[in-house]
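Listed features, source Swiss-Prot:
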BINDING   52, 53, 54, 55, 79, 103, 130, 131, 132, 133, 261, 262, 289  carbamoyl phosphate binding site
BINDING   161, 221, 225, 226  L-ornithine binding site
């Protein structure tokens, strides 16, 4: 039976640990220059409604590393961009490729695609969630801390799709997630409720100092995402005071780490000093998109590394 990855909660705690372990192993194999073509002869279709750097490159390189092939599909070059229904496109593509990754404006569209495709569908980003990013982030923190249970992550700024996925992950990792956002840009209530119902420990406040107190990890993202450009001035005004700078970082645990999923607008959500500082692990998490997604694809397409060793 095919398995999709539309939300971090589509996998359980044990499966998350297994994927992270596989990702670490794949990272070592790549570093050593050892072939690891666990998906030889397999194809991944990639549909991008939104522009991308990290998502496209990491999935394309990942499939190449694994011995497979990634096919880039722009909706404007497909019948999907000319009015073909999602369900029809999903059924046809599933006859050609072994999995589909979609980066779209609408989470509902990805869910509909997954309902009609009989191959695994991966959410490469939607307006609601970004589970691939959080999977890579969890791998990155696991490399630093080992067991994540009891750690506190403070999200500062716009309660966006990455923030939503972090809230949902709390039930799987045992981490406490504290969010500081202005009222208008707080995470969705239904996501907060879902995270708590799943067993997550989450809090949402308006004061950044309160959220970061004793935090082991500080996390932020750009304040103006693709599609929100018309709100730029309003967002910058509302989020003033939510910048991760050296003063805010000092309120966290002494050895707190700083994360940002990129792209960054330095001087807005994060200062250059913090971004380039010794507590920043931004580049590690960016690299780990590659390894975590490779492990995910092996799991979804081939059943995991244990199945293909």
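For all residues, glycine too, the Cβ spot is worked out from N, Cα and C.
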What's the CA-CA gap between residue 130 (carbamoyl phosphate binding site) and residue 161 (L-ornithine binding site) in angstrom, rounded?
6
Residue 221 (L-ornithine binding site) versus residue 261 (carbamoyl phosphate binding site) - Cα distance in angstrom:
6
Around the Cβ of residue 161 (L-ornithine binding site), how many other Cβ atoms lie within 10 Å? Please give the count over every shown protein chain.
25
Residue 226 (L-ornithine binding site) to residue 289 (carbamoyl phosphate binding site) - Cα separation in whole Å:
20
Rounded to a whole angstrom, what is the C-alpha distance between residue 54 (carbamoyl phosphate binding site) and residue 161 (L-ornithine binding site)?
16
10 Å Cβ neighbour count around residue 130 (carbamoyl phosphate binding site)?
26
For residue 132 (carbamoyl phosphate binding site), what is the secondary structure by DSSP, using just helix, strand and coil?
helix
Determine, for the L-ornithine site, the additional residues of the same chain whose CB lies within 8 Å of the mean position of the CB atoms of 161, 221, 225, 226; present them in sequence order.
125, 130, 158, 160, 162, 222, 228
When you measure from the Cβ of residue 132 (carbamoyl phosphate binding site), which residues in the chain that are at least 6 apart have a Cβ under 8 Å away?
5, 55, 122, 123, 124, 125, 289, 292, 293, 296
Sparsest-packed among the binding-site residues, when each Cβ's other Cβ atoms within 10 Å are tallied, from 54, 289:
54
Nearest of the binding-site residues (161, 221, 225) to residue 52 (carbamoyl phosphate binding site) - Cα to Cα:
225
Once the chains shown are all counted, how many other Cβ atoms turn up within 10 Å of the Cβ of residue 225 (L-ornithine binding site)?
17
Using DSSP, would you call residue 226 (L-ornithine binding site) helix, strand or coil?
coil
